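Working notes, structure below.
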Amino acid sequence: MRSNLLLHFRPPAVKEKTLAFTLSWGLGGMAATLVILQMATGMLLKFIYVPTPVEAYASVQTIVTQVPFGRLVRNLHHWCANLLVVVLMLHMLRVFFTGAFHGPRRFNWVIGLALFAMMLAANLSGYLLPYDQLAYWAVTVCSAMIGYAPGIGGGLLDVLGGGNALGPRTLTFFYAMHTTVIPLLMAGLMGFHFWRIRKAGGLVVPRKPSEAVDEAPNRVPTFPNLLLREVSTALMVTASVLAISIFFDAALSAPANPGLSPNPVRAPWYFAGLQELLLHLHPAVAVSVIPLIAGIFLTGIPYLTYPRTTEGIWFASARGRAQSLRAALAAMVLTPALIGFDALVVKTAPWAAGMSPMVRDGVLPLVLFSFLTGGGVMTMRRRWKATTNETVQAVLVVMVTVLIVLTVVGVFFRGPSMRLTWPL
Ligand code: HEM
Ligand code: HEM
């Protein structure tokens, strides 16, 4: 067996069946490649970028117009950031749907969630840096969301340095977080994430529902089997993102003007779902209660009691797959129906106008939400005899489908003053 410095970071041998591309789709490796590209391109951008409201915009213009390959480097940084949101979401779903969160991998799921939060923070803090109209107002909307957090919202806004309006302190704070604190935390957590994979004995071995967990799987040397796969995935991701960056430029609108807000003011697309929720629900519910419930549920997933592990089985069972499909279809129909009902009936009806917003947009939707979730879970457990795994899976499928529908509506179906409209 070969030995070299690189192999100190990798196990000497890996389970043969985990090399199947259809197990992980290379998504974790893609995410790692994108983060490395972000760090490399970010460091290059830092040579020219100036983090002050007066000079930030001009420095980004210098990057794209005067620095050799500056436009390409900025485009790479922009597209890798966007791709990272999608790739991480898919990686998380593959880990979940192959039952790779059971037993020794439980805590790695939690580390993964922390990495996901870091990635969102990196995206949001980076979004402000070009200091154009798009950046300024999108981040204004997002910090307003943060400000709605009951009890701590005001304090958080003070920490962000802006109060009600963004200013020089906000830019300095975001810049420091973006280029130092978040990358260091991410690098540390990624090391921890990879170490935990190794501690768990490698990836889950894919198996059919009828097969037992293979306690002594066949192993093959990491070099060349795993390393070649990792390098080819990294090269393919780099080539794809390079191709996108050559043909599509990252937007740079007019310089930020705190006195002139565009209409509509949109959050970045990965927060469009939250912004859409805010149009329907009381702010305390939309940006606190619901994200809190979602966060607790996601963190708790590996720590629930599962009578049977589904490690390595896609969708837990054939029945689990069918139930997930049903759950996705139900959420796909119900979410747009509820959005339409709220926007076109509740928000315009005279009977609802007299109600307190807390009751109309807070208490009543929460009652409806509990009723639908409780009813769905009870039907699955009692009537369809679903296992804990299958039930948790259906709940996550609903959550993800609702998020996707909210995001699509927020991005494509909202026009001036955030009114519902058909996409042009
Ligand atoms: C920057 C973020 C992340 C990077 C770079 C990363 C990277 C990786 C890599 C390379 C693997 C092994 C192969 C593969 O599955 O493709 C892996 C596995 C894993 N990841 Fe991530 N990941 C990240 C975020 C996440 C997130 C958001 C979650 C879930 C919430 C997660 C949970 C896991 C788990 C539980 C495993 C073990 C899977 C198994 O044993 O089959 N990771 N990750
Ligand atoms: C996961 C890691 C990272 C993510 C997701 C990320 C994301 C972003 C985003 C979305 C932007 C706005 C780009 C645009 O104009 O469209 C940005 C800008 C910027 N980032 Fe990052 N970034 C990351 C890491 C880094 C690192 C490590 C550095 C430096 C060490 C860095 C330095 C910069 C600089 C200087 C800008 C301003 C220039 C510009 O907007 O073109 N970034 N980042």
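Backbone N, Cα and C define each Cβ position, glycine as well.
Some features that TrEMBL has for this protein:
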- 1-206: domain 'Cytochrome b/b6 N-terminal region profile' (DOMAIN)
- 20-37: transmembrane segment (TRANSMEM)
- 79-97: transmembrane segment (TRANSMEM)
- 109-129: transmembrane segment (TRANSMEM)
- 134-153: transmembrane segment (TRANSMEM)
- 173-195: transmembrane segment (TRANSMEM)
- 234-254: transmembrane segment (TRANSMEM)
- 284-306: transmembrane segment (TRANSMEM)
- 327-350: transmembrane segment (TRANSMEM)
- 362-380: transmembrane segment (TRANSMEM)
- 392-413: transmembrane segment (TRANSMEM)
Result, the transmembrane segment (284-306) in contact with the transmembrane segment (109-129) (3+ CB pairs under 8 Å) = yes
Give me the stretch from 20-37, 173-195, 284-306, 362-380, 392-413 with the greatest number of Cβ pairs under 8 Å to the transmembrane segment (234-254).
-> 20-37
Cβ-based contact of the transmembrane segment (327-350) with the transmembrane segment (392-413), 3 or more pairs under 8 Å = yes
In this predicted model, the domain 'Cytochrome b/b6 N-terminal region profile' (1-206) has a mean pLDDT of 93
Restricting to the same chain and to residues at least six past its boundaries, which positions have a Cβ under 8 Å from a Cβ of the transmembrane segment (284-306)?
-> 96, 101-102, 105-107, 109-110, 113, 145-146, 148-150, 274, 277-278, 358, 361-362, 365-366, 387-389, 392, 395-396, 399
